[in-house]
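Here is what TrEMBL says about this protein:
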BINDING   29-40, Leu69, Glu90, 134-135, Arg152  S-adenosyl-L-methionine binding site
Amino acid sequence: MDGSRTSLDIEEYSDTEVQKNQVLTLEEWQDKWVNGKTAFHLEQGHQLLKKHLDTFLKGKSGLRVFFPLCGKAVEMKWFANRGHSVVGVEISELGIRQFFTEQNLSYTEEPITEIPGAKVFKSSSGNISLYCCSIFDFPRTNIGKFDMIWDRGALVAINPGDRKRYADTMLSLLGKKFQYLLCVLSYDPTKHPGPPFYVPHAEIERLFGKICNIHCLEKVDAFEERHKSWGIDYLFEKLYLLTEK
């Protein structure tokens, strides 16, 4: 492991401009779901979250947990099963429906009055609400503040040019004594255009450093055979905990 950590430190690109002009439209993300190009989905959930979850929750119940760009993340069920209230935002209605179907949860759907054309899907138990809309439209729902954010595939999926707007949106949703759990990826951004996009430590400091204490909790080697098709030869995942200064 020591070799991996040394390599990670060396390969940390400080240049945040490499991918700055990369853009995916919301329609392109929706097409990924339609065409089954969702290799980013983790069937067994995120292992770093599973490892640290009870430490983060500290036996608490009734927390409000936000999942930006949630897809059909199974981790939403983990929190709901522990007595917490989960809210997610996802542009793909297909992804949201798949979540409820695959988790064997009955649900209702209704329009969101504040956002024309958008919908909210709610579990019959009432503790999971998934909003089908743009993440940037979501604050118009006046949903209130959250105790925790689990950001595993969101910041790395947002177009680099929209990161500041995204970070400001996330910070506006956080209540007092929040925990913002953030996963980012480290690889050679000159070899792969993204998404997922490369987010170096300096970028996290730039986006969140004025408001948050930033702690990197763990770094793991996340390279798999499929990543060779990206043209890269290493991939590290880093789990951060952001807390109120």
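Every residue gets a Cβ built from N, Cα and C, even glycine.
Curation does not apply to TrEMBL; its annotations are automatic.
Because the structure is a prediction, the values reported are computed rather than measured.
Sequence-distant neighbours of Trp29 (S-adenosyl-L-methionine binding site) (same chain, six or more apart, CB under 8 Å from its CB) are Ile91, Ser92, Ala157, listed in sequence order. Counting Cβ atoms from all protein chains shown, Lys32 (S-adenosyl-L-methionine binding site) has 18 others lying within 10 Å of its own Cβ.
Long-range Cβ proximity for Ile135 (S-adenosyl-L-methionine binding site), meaning a same-chain Cβ under 8 A and a gap of 6 or more residues, is found for Pro68, Leu69, Val89, Ile91, Ala154, Ile158, Tyr166, Thr169. Within the same chain, no residue at least 6 positions away from Asn35 (S-adenosyl-L-methionine binding site) has a Cβ under 8 Å from its Cβ. Over all protein chains present, the Cβ of Leu69 (S-adenosyl-L-methionine binding site) has 23 other Cβ atoms lying within 10 Å.
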